[in-house]
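Enquirer: Structure incoming, see below.
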Amino acid sequence: GLETIAPLVRSVEETPEPISTEVQGTIPSWIHGNLLRNGPGKFEFGNRHYNHWFDGMAMLHQFRISEGRVTYMSRFLHSDVYKKNSEQDRIVMSEFGTLALPDPCKNVFQRFLSRFEMIEPTDNASVNFVKYKGDYYVSTETNFMHRVDPENLETLEKVDWSKFVAVNGATAHPHYDPDGTSYNMGNSYGRKGALYNIIRVPPEKSEATETLHGAKVLCSIVPQHKSRPSYYHSFAMSENYVVFIEQPIKMDLLKIVTCRLRGRALCEGIYWDGGQDTVFHLVSKHTGEVSTVKYHTKAFATFHQINAFEEDGFLMIDLCCSDNGQAINNYLIQNLRKSGEALDEVYNSTGRAFPRRFVLPLHVTSQTAAGHNLNTRETCVKTDKDTVFCQHEDLHGDDLLEFGGLEFPQINYGRCNTKPYRYFYGCGFRHLVGDSLLKMDLKDKTFKLQRPAGALRWTPVTLVFTPHSRQRVVGCLQKRLLTSTDDLCLFRQVLDGRLPELGRANVPVNMPYGFHGIYEA
Ligand SMILES: [Fe+2]
């Protein structure tokens with residue numbers, strides 16, 4: 001049976017002032033920066049509790065590395081929903097997996113009427129730390145983000161995407177050009193149905209008080225089914241293209257719009273349709289033009305891309321893929337708090353993700369003959385006027401199967417994004433949460449593994465890549481399951497791909513398990 005992970009999904013207190021950590025080994029004095037992480041940290045108000053892991057109130061964490069020491073602090077995001085819930089000591093607003101109950105102070109008629117109101121989008125930005133125009137924001141997938149101060153984790157300003165561009169949200173995984181221009185994607189819902197939009201935010205402010213000013217929709221893509229657009233958690237970007245992956249995780253808009261009326265949570269409007277292809281849409285970053293050629297492949301689900309780059313007329317796109325897209329609702333809190341056989345059952349019904357590469361030919365025209373292989377790897381065939389069918393190439397050997405596949409991939413973004421690259425990192429999933437740290441070598445598709453002994457787990461990887469010219473260090477968080485405390489572990493990057501440990505800092509407070517973050521030197 002799998003070990004219980006219930007301690008990783010319980011509410012914790014904040015640590016609003018920096019506290020010191022116990023350092024073992026050596027943290028080189030030339031590493032200087034902040035590791036910022038985000039994730040849910042409070043799962044109940046009064047006698048009400050959230051149902052889904054993603055619903056918990058955003059907690060921001062800061063690990064400051066300086067002069068061989070590490071301090072830690074954390075704060076809850078002061079979102080409107082956090083403030084309202086705290087004031088009324090109940091769950092006031094609905095989240096992804098939790099439908100808020102009507103206000104008990106309203107009379108019966110008012111409560112009946114409130115069922116016909118649409119669910120208000122949450123501003124509980126619990127997924128990631130992101131940057132726009134040099135400012136730090138925390139983000140979820142709705143239209144609301146919060147600008148925050150990375151030094152003291154204070155909530156500064158609520159920002160609404162829909163005030164700047166006609167979108168109803170944006171992902172928590174933007175991409176960045178080297179000059180700081182950011183790209184993101186968000187849906188819009190008009191009278192004719194949904195559209196997928198690609199958004200560009202300029203790299204710099206013209207005035208100090210600006211937020212998303214100057215953001216533009218670069219292009220809009222029509223979904224295959226307008227009332228059932230695909231859910232997407234992220235997208236890919238190469239030097240010249242934005243790549244949108246339309247996967248068969250579908251959003252039933254009718255169900256979503258009527259969820260309050262039907263007394264159901266929003267997450268129940270999302271479903272997996274494994275009978276449909278996954279489709280890659282290519283968009284030129286320069287012209288905003290959507291390629292008429294669509295690259296189809298058999299159904300897979302994806303949450304995180306690894307990298308994408310162009311080489312010799314092909315676009316290589318590497319991503320973590322799962323043949324089963326039913327995972328989202330497995331992350332209900334009640335599932336994560338199970339133990340014994342019941343917990344094993346949840347794990348066994350959750351799809352595993354594996355790193356795969358698709359090699360998309362860029363020069364397909366009406367003259368291109370159908371039925372022939374379009375790349376040397378024999379994985380692409382033009383099947384129709386505007387359709388190329390692609391097969392993937394595995395970026396791993398069979399040995400990855402026994403480590404539960406790989407998710408939460410990370411590259412050295414500043415150095416490798418949109419370029420040919422050799423290494424990436426991720427978490428192995430022999431449990432519902434990451435339990436090993438993997439360093440993959442694309443040269444021979446092997447990996448190096450850090451598998452902690454006993455009640456330790458790796459959290460999803462946020463890498464601390466130092467810009468130091470002579471030595472490179474990679475840092476990751478390791479979770480102590482018994483105490484819910486974390487170790488920030490630093491490894492030296494050596495040429496043969498090994499990961500010898502330099503030092504670690506043990507944080508002496510309870511921390512919940514988080515999803516994403518960034519490191520800023
Ligand atoms: Fe993510």
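Just so it is clear, glycine is given a Cβ too, placed from its N, Cα and C backbone atoms.
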Enquirer: Per TrEMBL, which of HIS233, HIS372, HIS431 sits in the Fe cation site along with HIS173, HIS304, HIS516?
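Expert: Same Fe cation site in TrEMBL: HIS233.
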Enquirer: These are the binding-site residues: HIS173, HIS233. Which one scores highest on other Cβ atoms within 10 Å?
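Expert: That would be HIS173, with the highest Cβ count within 10 Å.
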Enquirer: Name the residue among the binding-site residues HIS304, HIS516 whose Cβ has the smallest number of other Cβ atoms within 10 Å.
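Expert: Counting other Cβ atoms within 10 Å of each of the binding-site residues HIS304, HIS516, the minimum falls on HIS304.
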Enquirer: Determine which residues of the same chain, besides HIS173, HIS233, HIS304, HIS516, have their CB within 8 A of the center of the CB atoms at the recorded Fe cation site, and list them by sequence.
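Expert: Not counting the recorded site residues, we get VAL127, ASN128, THR171, ALA172, SER234, PHE303, PHE515.
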